[in-house]
């Protein structure tokens, strides 16, 4: 007789599958129609593989194949894998913006975990919002969970030069406007940008969030950088499947891994890799689900003295494929540890500390992962700006900015929203030059709605034709992690709720002082108060559907832009019987 699987405790899936009651036979019997033999319901852990595959999410188009490797690992370790499709918010498809649906996806994931017979979860993610949304949902349930990402695309090349996902889209688009590239050449370049399955091959938001998951300890060491089509990505998926079974046995939960120390490690990692500004709102939101007190002040404090040592676009010149060959994120974590910038005893999903995982790794290419003395910037952390224009903060990515613009005073050229910007920006009669500061309103969490990636406003053609490639830009929007420029983002409070950004007028003088973390509208306190008292909202107001729910309940960018009723951990208690 085959020995029954033994586990140190009764698992929650046995509330559905264990015993001989009518309801158990109902749950168990119907699942058997998929050909599962009776002994699979003997108490072994049921592992939910939460898969964000979708034909509409091309970055995640290969996740079905990876899910099979995860299943193989779960079977090998004595678990029972069941794949569950979950909400997949594609960054390049969803309108008005995938960010508006991050919280909806997190809610759907949370309920999918809590409401079904899972003992542990594998979070199979890739595209930008899929990683934070699944981490948020899993954190709110606090079942053993582990991340495996789909990995980046292979390098792109156009006429012998590297082409970075997104980064060169913005660059080539500006070249067309400046008359330096023909439309035909732009179309030719399109074929070089996405030449394999996977996420953006730059250090955009997808690769940043894969790195954040690894730095938080929520993915196996080395996961972040393996290319999507590399055979080692499949191996990583299979090893992840094996590991989650042991995590269930050990009852190793997200709340034990995603501690304040882990978040500080992730913030410093983001600085070292030149990561996306989007990591700010995502980590704030994830921390809010775990119950960790994380703020913009933590971002500024932890990232201020961390050099950017990863030489990847958009900050540097290489791509994720080279980063993987150089040793990937473990090398970066080791460098942080050697510099005293890592909480070495932070726990990871492996059951080992982060330092035990990375202390012996080797940097195979010091032009890709740079020595500190050759860093792209000596202070690479996301800058948190404050002042009368951003009382609750705004952010800027120094590694992607122009050094000569980090201290700048200029005349405001104001766009009331994205439509106003699009209507005016190509007009040669627009009163603007390279010394001006472009200001866009009503693009925040409530205003857009959803906080779209429109903050990196394209420059006016008449400025581009002068060879000018950057100007100071300020908004309450986000920007793509693949983008670059001296761009002030996430200005809080946003314009749509009557923040000071809402009352900036054409011709106002604005001062940006990055070294002193200052963003100042050069008008008197009395004039600012008068304008704010007279302000009236002029953004769209949805009256029904999810857009209405989102706009009513979304919080500000300074706290992570989560829905107010979703913050915190609600646990994984089994609900009442369904029949």
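All residue numbers here begin at 1 and follow the chain in the order shown.
Note that Cβ sites are derived from N, Cα and C of the backbone, with glycine treated the same way.
Binding of Mg(2+) is attributed by Swiss-Prot to 128, 453, and within the candidate set 91, 161, 416 the record adds 91 to that site. [2Fe-2S] cluster binding, as stated in Swiss-Prot, involves 127, 200; the candidate among 59, 302, 436 given for that site is 59. Around residue 128 (Mg(2+) binding site), the same-chain residues at least 6 positions away in sequence with a Cβ under 8 Å from its Cβ are 91, 98, 199, 204, 205, 206, 209, 278, 481. Listed in sequence order, the residues 92, 97, 98, 99, 127, 129, 204, 205, 206, 278, 480, 481 complete the 8 Å Cβ shell around the Mg(2+) site centroid, once 91, 128, 453 themselves are left out. Cα of residue 127 ([2Fe-2S] cluster binding site) to Cα of residue 453 (Mg(2+) binding site): a distance of 14 Å. Using the Cβ center of 59, 127, 200 for [2Fe-2S] cluster, the list of other same-chain residues with Cβ within 8 Å runs, in sequence order, 57, 58, 60, 90, 91, 92, 126, 128, 150, 165, 198, 199, 204, 206. Counting every protein chain shown, the number of other Cβ atoms lying within 10 Å of the Cβ of residue 59 ([2Fe-2S] cluster binding site) is 31.
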